[in-house]
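What Swiss-Prot says about this one:
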type	residues	note
SIGNAL	1-16	signal peptide
DISULFID	C147-C188	disulfide bond
ACT_SITE	C150	active site
DISULFID	C181-C221	disulfide bond
DISULFID	C276-C324	disulfide bond
ACT_SITE	H283	active site
ACT_SITE	N303	active site
Amino acid sequence: MNKILILLLLVSAVLTSHDQVVAVTIKPNLYNINSAPLYFEKFISQYNKQYSSEDEKKYRYNIFRHNIESINAKNSRNDSAVYKINRFADMTKNEVVNRHTGLASGDIGANFCETIVVDGPGQRQRPANFDWRNYNKVTSVKDQGMCGACWAFAGLGALESQYAIKYDRLIDLAEQQLVDCDFVDMGCDGGLIHTAYEQIMHIGGVEQEYDYPYKAVRLPCAVKPHKFAVGVRNCYRYVLLSEERLEDLLRHVGPIAIAVDAVDLTDYYGGVISFCENNGLNHAVLLVGYGIENNVPYWTIKNSWGSDYGENGYVRIRRGVNSCGMINELASSAQIA
């Protein structure tokens, strides 16, 4: 009986208003810096890392050691998130951003998408928790790999959800088609969500993943119009000024592709990130829900770094404080044809 009570105390959970189980965040023990060489060898084995020379291995080890010191510092502060070693642990933050994000910088540019200003107070009566996953309207987490195509993954993630909302069926759309055939955006070198929607309108539609598989590299366009699964009728770019109104928009429209600064997301493991700075937008992700855990309000975001990242591929960031610079004018969604 005592063992059962101890187990129940260690493995606790809370329920949201939609009966979704959310694990309570438990802070881990800090990494012993003196054991960094052992951690590094385990990391190499776990993630099948291969280095071209001993010099490169030493260089990567130094980055790894610096990163676990940073992880310890984050886990020591009064934050509601947990950070751990993951596959990015031998990379600098700039390397992760350069290789695994892909939101284009610079001017927004003119396109056909309608611009909508999202401002003002939210609806008085709105649920404290909401998540499109509870309604089976969000497809599985994907991995963009070392290709700066986050814009394609976030944009098509929103389209996949629109399809599920309309037809009550989940399908995976072809990010590779956008990487290869969207000639306004720059494939693995970056792009914007709303211009991707414009290009889908121009091309005529987008194929499913199994008809145009993802390769994580830009290849000659091989689009097959007779295989189009979804078209875009209208697209929208949102100028976000109010997080309360964004809650309403999310519930009424569906999952929305948003832009964030991903630097503070790289070593995330679980919980709610309370400290996420904005030093420049660089990553596109899919906003799927919001809620409250331990009195901390949060947004739930679907990332494109694989299901072994974060909370099964998802990350939660604090709501109401412009976490990661998410309140900007690059959020987008589309109406399917």
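Cβ coordinates come from backbone N, Cα and C, glycine included.
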Quiz item: Closest to C147 (disulfide bond): which of the recorded positions C276, H283, N303, C324, going by Cα position?
Solution: H283
Quiz item: Just checking the recorded positions C150, C181, C188, C221, C276: which sit within 10 A of H283 (active site), CA to CA?
Solution: C150
Quiz item: On a count of neighbouring CB atoms within 10 A, which of the disulfide-bonded residues C221, C276 is highest?
Solution: C276
Practice problem: Whole-number Å only: compute the distance from the Cα of C221 (disulfide bond) to the Cα of C150 (active site). | Solution: 19
Quiz prompt | Entries of C181, C188, C276, N303, C324 which, being recorded positions, have CA atoms within 10 angstroms of C150 (active site) | solution = C188, N303
Practice problem: List the Cα distance (Å, whole number) between C188 (disulfide bond) and C324 (disulfide bond). | Solution: 23
Self-check item: Rounded distance in angstrom between the Cα atoms of C181 (disulfide bond) and N303 (active site)
Solution: 23
Practice problem: Quick one: pull the CA-CA distance for C324 (disulfide bond) versus N303 (active site), whole Å only. | Solution: 14
